[in-house]
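According to TrEMBL, the features are:
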| type | residues | note |
| --- | --- | --- |
| DOMAIN | 1-358 | domain 'FMN hydroxy acid dehydrogenase' |
| BINDING | 79-81, S108, Q129, T157, K229, S251, 284-288, 307-308 | FMN binding site |
| BINDING | Y131, R166, H253, R256 | glyoxylate binding site |
| ACT_SITE | H253 | active site, proton acceptor |
Amino acid sequence: MEDEPVNIREYEEVAKQVLPKMIFDFYNGGAGDEYTLRENMEAYKRIMLRPRILVDVGRIDMSTTLLGYKMQSPIMVAPTGMHKYAHPEGEVATARAAAACNTLMVLSFGSSRKIEDVASSCNAVRFYQLYVYQKREVSATLVRRAEEYGFKAILLTVDTPRLGRREKDIKNKFILPQLSNLEGLVSVDVGPKRGSDLEAFASQTLDPSLCWNDIDWLRSITSLPIILKGIISAEDAIKAVEMGVSGIVVSNHGARQLDYSPATISVLEEVVKAVSGAVPVLIDGGIRRGTDVFKALALGAKAVLVGRPILYGLAAKGEKGVKSVLKMLQSELELTMALCGTTSINKITRKHVQTEGDRLRSLL
């Protein structure tokens, strides 16, 4: 009997072994030199924990709420595309695992399973990730379907006026499968093969004119709360609040868009301070440990979204692997909370972490 993975890094190694190179590189790769891809993870390592001792930690409560929906822990499933490349059941397996762990899943626009299939797979709270297409009716149709089938919020991705330069996909000549939710709406036939199908598809379909005024357009076609995904500056966070959105995701698109943009954890506090509690702030990118989750919460995140680790688990062991990854992160977070003397999420404070900036200021 082979050894079970005991951390996310080991799940990544299993995924690398079982997936074709084109698929693993698509899931795991970043933009350009992949500096931001590495920095997303390295930045967490530069944040130290400051535990409190002699606290009764006999009972730890990790539960939290987002937009009124209760979760077992502040660890959510981020929107990532084409899960059938990792496992035949695709996003249905992921959805069932998320439901079993009592957490929220965000379904990607690039899902390889239909909105309807995921919705009927299990009883759970889910959000839907949206891109805006040049043909606005395509986006409107997807929003209507998500709302009809019980999705509770729209995560509008706002950092992709054009697709980032993902050189591994270009070199591998990444093949874009038919995306189930776009059948009858948009063709994925991108013409003669010159590099990555995804790059060609994005340039032909996504709307580079998307701007702040389009938040009102989206609000006009749905009653669902709108969360903006892809904010990494105080200026944009303040503008988002002024536009009346219901939440913000601090995200650099898993370092797949603009290389040399900052690691998300390094700008989280800036965004949190800018919104001053007006809306919940979430974060994704680089989360591989329960300690990372704790650090993000201490710097003001309401919850975290986990992307690549979910794909590793799915590739390695299907639904069971996704559940294992989620439970692994939950268990690590619970242990970190206990060792830091925090018995509930709302007791995790800024004083429980020390950033590089804190250390530099202490030397002045």
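Note: Cβ is positioned from N, Cα and C throughout, glycine not excepted.
Positions of TrEMBL features highlighted on the structure.
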| residue | record | Cβ contacts under 8 Å, 6 or more apart |
| --- | --- | --- |
| P79 | FMN binding site | V106, L107, S108, F109, Q129, L155, T157, K229, L305, G307 |
| G81 | FMN binding site | S108, F109, G110, S111, S112, L179 |
| Y131 | glyoxylate binding site | F109, S139, T157, T160, L206 |
| R166 | glyoxylate binding site | G29, G30, A31, S196, L198, E199, R256 |
| D284 | FMN binding site | A78, K229, V249, V250, S251, G254, T264, V304, L305, V306, G307 |
| G286 | FMN binding site | E39, N40, M41, E42, A43, Y44, A263, T264, I265, D292 |
| R288 | FMN binding site | N7, I8, R9, M41, Y44, P309 |
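Long-range Cβ neighbours of R308 (FMN binding site) (same chain, at least 6 residues apart, Cβ-Cβ under 8 Å): E12, Y27, N28, T80, G254. The Cβ of H253 (glyoxylate binding site) has 24 neighbouring Cβ atoms from other residues within 10 Å, across all protein chains displayed. Across the residues annotated as binding glyoxylate (Y131, R166, H253, R256), the two Cα atoms farthest apart lie 18 Å from each other. R256 (glyoxylate binding site) counts 24 other C-beta atoms within 10 Å of its own C-beta, drawing on all protein chains shown.
Residues belonging to the domain 'FMN hydroxy acid dehydrogenase' (1-358) score a mean pLDDT of 95 in the model.
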